[in-house]
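Working notes, structure below.
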Amino acid sequence: MAPFKKLKLLLWKNFVLKKRKTLVTVLETLMPVLFSAIVLYLRLNSMPRNKANTNYPAVDVSLLPVYFHNYPLKSKFQLVYIPSKSETLKAVTEVVEQTFAVDFEVLGFPSVSLFENYIIKDPKSFYVLVGIVFHHDFNSSNEPLPLVVKYDLRFSYVQRNSISPPRHLFFQEDIEGWCTAFLYPPNLSQAPREFSYADGGHPGYNKEGFLAIQHAVDKAIMLHHAPKAALDMFKNLQVSVQRFPSGSHIQDPFLVILQNEFPLLLMLSFICVELIITNSILLEKERKQKEYMYLMGLENWLHWVAWFITFFLSALVTVSGMTVLFCTKMNGVAVFRNSNTTLIFIFLMCFAIATIFFAFMMSTFFQRAHVGTVIGGIVFFFTYLPYMYITFSYHQRTYSQKILSCLFSNVAMAMGVRFISLFEAEGTGIQWRNMGSVWGDFSFTQVLVMLLLDSFLYCLVAFLVESLFPRKIGMPKSWYIFAKCPLWRKKSFPVIPPLLVIGDPEKTSKGDFLQDEPAGHINAIEIQHLYKVFYTGRSKCIAVKDLSMNLYKGQITVLLGHNGAGKTTVCSVLTGLIPPSKGHAYIHGCEISKDMVRIRKNVGWCPQHDILFDNFTVTDHLYFYGQLKGLSHQDCHEKIEEMLHTLGLEDKRNSRSKFLSGGIKRKLAIGIALIAGSKVLILDEPTSGMDSSSRRAIWDLLQQQKGDRTVLLTTHFMDEADLLGDRIAILAKGELQCCGTPSFLKQKYGAGYYMTIIKTPLCDTEKLAKVIYHHIPNAILESRIGEEMIFTLPKKAMPRFEALFADLEQRQTELGISTFGASVTTMEEVFIRVCKLADPSTNVLTEKRPSLRHLPRNHRVPVDRIKCLHSRIFSLSSDQPIRLNTGFSLLCQQFYAMLLKKVAFSRRNWMLVLSVQILLPLVIIMLSLSFFNFKLRKLDNVPLELTLQTYGQTIVPFFIAENSRLDPQLSDNFVKMLVAAGQVPLRIQGSVENFLLKKAKEAPEDFDKLYVVAASFEDVNDHTTVKALFNNQAYHSPSLALALVDNVLFKLLSGANASITTTNYPQPQTAMELSETILYQGPKGHYLVVNFLFGIAFLSSSFSILTVGEKSIKSKNLQFLSGVSMAAFWLSALLWDLISFLVPTLLLVLVFFWYKEEAFAHPQSIPAVVLIMMLYGWAIIPLVYTVSFSFKTPGSGCVKLVAMLTFLSISPVVLVTVTSEKDLGYTELSDTLDHIFLIFPGHCLGMAFSNLYYNFEIKKFCNAKNLSDIDCNDVLEGYVVQKNIYAWESLGIGKYLTALAILGPVYITLLFLTEANAFCALKARLSGFFCKQKLRMLLNVTGAEDEDVLEEAENIKYHLDTLIKKSPLVVKELSKVYKEKVPLLAVNKVSFVVKEKECFGLLGLNGAGKTSIFNMLTREQPITSGDAFVKGFNIRTDMAKVQQWIGYCPEFDALLNFMTGREMLVMHARIRGIPECHIKTCVDMILENLLMCVYADKLVKTYSDGNKRVLSTAIALLGEPTVILLDEPSTGMDPVARRLVWDAVGRVRESGKTIVITSHSMEECEALCTRLAIMVQGQFKCLGSPQHLKSRFGSGYSLQAKVRRKWQQQMLEEFKAFVDLTFPGSSLEDEHQSMVQYYLPGQNLSWAKVFGIMEQAKKDYVLEDYSISQLSLEDIFLSFTRPVPDTKENIQQGQAALDSSLSPSNSRPISSPPSSPPSSPPSSPPSRPPSRPSQPPSRPPSRHPSSPSQPPSRPPSRHPSSPSQPPSEPVLL
């Protein structure tokens, strides 16, 4: 198939699945749009404002600001000069001191280090106003200053007088301190900086006295060099600074939000996309669907390309919507008002592509969906954190640091948003013409390139990890480059050599059991010394050991073995699912480790567990895999129709696989394996879970298809193996025990003949045994299970067989025999003997079982070992049963059991608990604090030389009057000075302010960079005014402008060589000043809280993993059915989760201590932090429990919860925080939103932490400034500092704590109502009002009923009260309708009674309604109509009382994988109320009786399917339940385990219990059931004991014979002719190659006579084996059933066929099958069962057609003790 066609097919698959997963698709598309809507909302609530031209007044610098005159000091300000050895400097400093009216103390320090030490350590350093440090080495104390003077002004680290209100508590608008590390603000805006401050505002050059001191020092220097001239100059000279005028502009407060919040919101919006992508890819990997597609011919690169195109197109839609929201103007504004729409789209699309590839990369590191999804989301968030390090120190970061940071796509995205916001602030927006403009050393173009580079790198990592590293699933790729590396080769074979020694000495002893290879057959599969070893930590498990065997074309090779023998491992190795540890396997000459791509083109695989897409229909699956295997479009449709017909799935063609029953899924899996003509078929238990009719259809299909194929089949059905297997191989503990044809194995392991007897309840076992031993003394009782007894009859006693059979037939009623039959050695017996020989411990264990031991000669059966499962199971020291706990004692015991379950989950999933619940929130906080603290250290104020060269080349406009009174050459000197400094002087005429306004309007983009300072020298009469004009957009322009005019004045006085260079070098930070960082710490608190909320979202969602997991596997339902109370179940979970929540809470406090985060680590704050966290846990955990009801799998639930909690936590906090900004003017809206969002625990948590942080920091700020409470609140402009942090008002946390405390009980109540189905019941009442009439019509449609069924219903109807009192279980007219678009009738007025010591069997095809009955009896599904009573209690109204009387084994194991088998039993024992002192004994006895002791203490996840079924059955039998419901209890068990379970169930029934069982095994029902009913389309078609049904519907015998295949063609026809001649009236019922099945009429024909005839025929016609039995229950079952529409799996789909049941015009009864018996049964039992008018479509054409006079078509009969018996075995019922 061409790659393009495969790609098209994969895209079709992906989009069909996305279309049918509506919620996930909507979430993926809308989550980014929702976050975009938040940004749009903020935009619409922060409208831009127009500002007119503004001129600012000049500021006199000759005097200190007024603040210093009123500053509250206990001592004088200090002026410090350095070095102190110079008297010259002291004189200069004293001149400075005399300049001002403030009283100063002049101090000198010898060195800078001593000065800094004084500042840091001495409390008196607070009074140091400034330190003046001259850069000159004075050789003597009187040495004068040089003409070139350089000095530092060292003001305090934190400004003293710039107490500007912390207007932006949550966003950083300006850098803290003197900002000497920056020339411009990091977030430079088009709007004027500090618009309302004439002196420029922050960093406070005027208010701090810097300009006054600078000018005073400059003036003192001038006086030092030219005392007289300087005095004369300054007499008529006034120097001032003046801010550049502001032109008309738009003041847009949203730009602050855009730059600070938009990157975070954009990242959070795409994190949901990343989670969904990762989860989608990993689900395919976890379910092995990905490897299955590879096996069917898919190339790896196509898989990734298809996924990329799928998510790319989804992202295209999402990004288009986001672009529209961002760029479309609403109310005259848009999020990006000025930017190019195309560029915004390209930018977002590049980020979306990078996110897709990031998800691809993360998916390659994991095998489990929910683990990979959670960790992928965490890592995605972590990659955003470096941006916080970059953004606040952008100008300090090197180009390499920025490039490396942009290797994280989230950082690159945030950098891109930064550029967009900067260009938006300039008023131009990002455009094609300016996208390459370098801002600092980076540009928007580089951001786009880095996003594309990130995508490539992520893709490369994904490719390398996918290709080169070994995985648990799939073959690791071998690249020759890495193959040269010895280390790589070593890793390829991680098996210890001693384990792989070839040539096991024991294999020589097994050679007798390995048949010679057949001659003349093509060897298609060759396995040579194959090993597979699995490692779990330090332990290892050899799954396959030295396996060598061949498989041949045209043959079916059957692989048998006990659960865990290694069958599935062999299949997985051959299909390439897992690599072999050592050895080789060749398929059609290709080695599996090297040529898997070629092999897969010819292999069809049906895995043990269905690998189906939940939302694909049957037709979709066949079409997809057919096309993938290379079928053309036309051929594919033809093959699909053919396959649907062959498999009997026509009516299921449009049903989604998730709604199909297990049997139908197995059919579909077989169809997928067969489609497109695969030459090699590997079928792993293909018929598991199928009903008898379906299984026979598959047998026919496989025999038809095997001609040119090689088939490897595994199974637990021995009859299937005997019938289909050309060769049979048996594995035990991974080793091959025997291999050969069925006849070869029977010959090697045979022990004679087997007689199977099915007893009636009145049978006298000892009397019956005496009769048998009388005829054959050497007979051995092989097993006794329930109603079944199996005797081994030695071959040498064969002459006595006829007399024995005649005697039993004549005395059948007297001896209490229901049916009996005999056969030669069966495959089941072969299997059991092989297992015993391979594992002697099995033999020892089974010898302990009374039903499996040889009966002693006196026929006495010991009874001391059969007490543990009946009513005296708890009577450990006496015959009196103990009392179960009740009331409060039971509640406490259940609470304890549920608490231990939670503890076990945490202990066994410690990695999950440690990573998600503990480390994740702590690591996020630690990383955030590390970034902020690192930033604080790196942003310490550094020395900055205040010269124009610092800002590069600028234009300096100046105005100097002609013939200035200062100096006629002033203009020339000024120009020369600027040129020498590398600047561009520009002399203008007229007003400098007007010139600047004009230039700012002409070129707004370049103005702030080109025009930093200006000067004006004006003469007014005899007075000169010098104005130093500065551009306030530059932090240090005021001092630069002053230095410029001071320097030109100095040059006028002292010559052209004179110059003064001033450096701003802040003092080191004192301990006191550390507390004055609120302006800087505010943004830190905001981002800290946002990051923390994200981590808490993951922590909170993790509490859903167990609850969703229990719900998905129905373990929770089983626990409730066992009797656990709602309070015990949920409150125990809440308690443990709160304890778990306390651990990260306390560790969080330690983290705050470690990082010295006083706001949270202060002694007064610690109780508040703990209280906030615990109340949040109290509220959020019940909410998570409640929401978890909506999820089906833990992985998807965790993903959706993270998305939901992130959105509902961060979005409200951001909205309330942003709208609370004073500049926006929406404080009332903020308060309203704050109160609305109190219903969300995440919002309460975030706001409580925010207020706790800001309140503490503001209090520190005000205390440092010595401000009173009133003054502090005035400065804060509306923020009220709370002395009591628990206050309700602004910056208090009281209302949030109160809300959290109230939300806890509210959500708990909501949880209990949800658990009690209160909302479902309400919905049902409301919807039932409208559809009641339709349902009544549907339920009134009934088919013809059998007389026994009618009699049972009438008896219940008229004697209901009596039956309720006497019978443990009474079901009256129980009905179930699934209310879909087309109402589906699953159960139609079923009535039956089950008495004590009865085992009632429900038989029927897949979907007949059996499980629906169980679901109603256990209240897993609501009852549509009817009633059911258990011990007199109605399950509709008294379910809480009913629970204590019911034991339940569900169809699919509801076991908790993280617990051991023993722990599961102990937990359910506590739930049942067994006293603690008896639990251990009780559990030990059950484990011993079911042979579970070996693996009782192993985790359930290590159990095989069969062992899980044993454990599920044990749970159902535990605790003395009166009514036990077993839904297919023995499915998937090997024969040994199956017999043990039958034995246990039989003895439980004998003890007086009531059992209801469903099964697809007729032998199981024959062995266990005292009464049974056959269901067809929701109705009972017959009801009664097995013997009663056989008496009514059939008589005669069933003959099965198998001709040796060597003489198959020659002798088969002769034998058929012999039967027709010898038994007149016989009919051929079934034929499968060498096996035939006949119906023999019972008139004048004795069983013993038939046996005698067949013994002779065995010799004459070379029969391999044969069996004779009375007519079986399976014959009757098949007569009532045929392939019919499956009701159960179409619950969600609704079948059109049922439409007719709603139509009054349609008179055909919905539940009456075409093959149902007549509505009026005959007055006397018919001589034979009713036949079907036609055979199933899967029957081979070679079979004789059935005629109306013939008996029903019957399958090969089997050993009655097991559904896995060979065809030679009688089926006795």
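Including glycine, each Cβ sits where the backbone N, Cα and C put it.
What Swiss-Prot records for 561-568, 1404-1411 is ATP binding site, and it gives sequence analysis as the kind of evidence. As annotated by Swiss-Prot, compositional bias 'Low complexity' applies to 1700-1710. Annotation comment: Swiss-Prot describes 525-758 as domain 'ABC transporter 1'. Annotation source Swiss-Prot lists domain 'ABC transporter 2' at 1369-1602. Under the heading N-linked glycosylation site, Swiss-Prot lists Asn340, Asn615, Asn1340, citing sequence analysis as support. Per Swiss-Prot, region 'Disordered' is recorded for 1690-1773. The transmembrane segment annotation in Swiss-Prot covers 22-42, 262-282, 306-326, 342-362, 372-392, 444-464, 1088-1108, 1134-1154, 1166-1186, 1198-1218, 1236-1256, 1293-1313 (among others).
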Using a 10 Å cut-off on CB atoms, tell me which of the binding-site residues Asn563, Asn1406 is the least crowded.
Asn563
So if I measure Cβ to Cβ from Ala565 (ATP binding site) and keep only same-chain residues at least 6 apart in sequence, which ones fall under 8 Å?
Leu731, Ala732, Lys733, Gly734
Rounded inter-Cα distance in Å - Gly561 (ATP binding site), Asn615 (N-linked glycosylation site):
34
Return yes if the transmembrane segment (1198-1218) and the transmembrane segment (342-362) have at least 3 CB pairs under 8 Å (sequence gap of 6 or more), otherwise no.
no
Taking the transmembrane segment (1236-1256) as the first stretch and the transmembrane segment (262-282) as the second, find out whether 3 or more Cβ pairs fall under 8 Å, excluding pairs closer than 6 in sequence.
no
Beyond the flanks of the transmembrane segment (1166-1186) by at least 6 residues, Cβ under 8 Å
1096, 1100-1101, 1103-1104, 1107, 1130, 1133-1134, 1137-1138, 1141-1142, 1145-1146, 1148-1149, 1152, 1160, 1201, 1205, 1241-1242, 1244-1245, 1248-1249, 1252, 1285-1286, 1293, 1296-1297, 1300-1301, 1303-1304, 1307-1308, 1310-1311, 1314
List the Cα distance (Å, whole number) between Gly1404 (ATP binding site) and Asn340 (N-linked glycosylation site).
68
Tell me, how many other CB atoms lie within 10 A of the CB of Lys1410 (ATP binding site), whichever protein chain they belong to?
28
Considering only Cβ pairs within less than 8 angstroms, which of the stretches 262-282, 372-392, 1134-1154 has the most against the transmembrane segment (1088-1108)?
372-392
Looking only at C-alpha atoms, tell me how far Asn1406 (ATP binding site) is from Asn615 (N-linked glycosylation site), rounded to the nearest Å.
20
For Asn340 (N-linked glycosylation site), the same-chain residues 6+ apart in sequence with C-beta under 8 angstroms from its C-beta are Gly429, Ile430, Gln431, Trp432
CA pair Ala1408 (ATP binding site) / Asn615 (N-linked glycosylation site), Å rounded to integer, equals 23
Just to confirm: which same-chain residues, 6+ apart in sequence, have a Cβ under 8 Å from the Cβ of Lys567 (ATP binding site)?
Leu559, Leu560, Gly561, Asp684, Thr714, Leu731
Given Asn563 (ATP binding site) and Asn615 (N-linked glycosylation site), what distance in Å do their CA atoms have, once rounded to a whole number?
31
Ten-angstrom check, please: count other Cβ atoms within 10 Å of the Cβ of Gly1404 (ATP binding site), all chains counted.
26
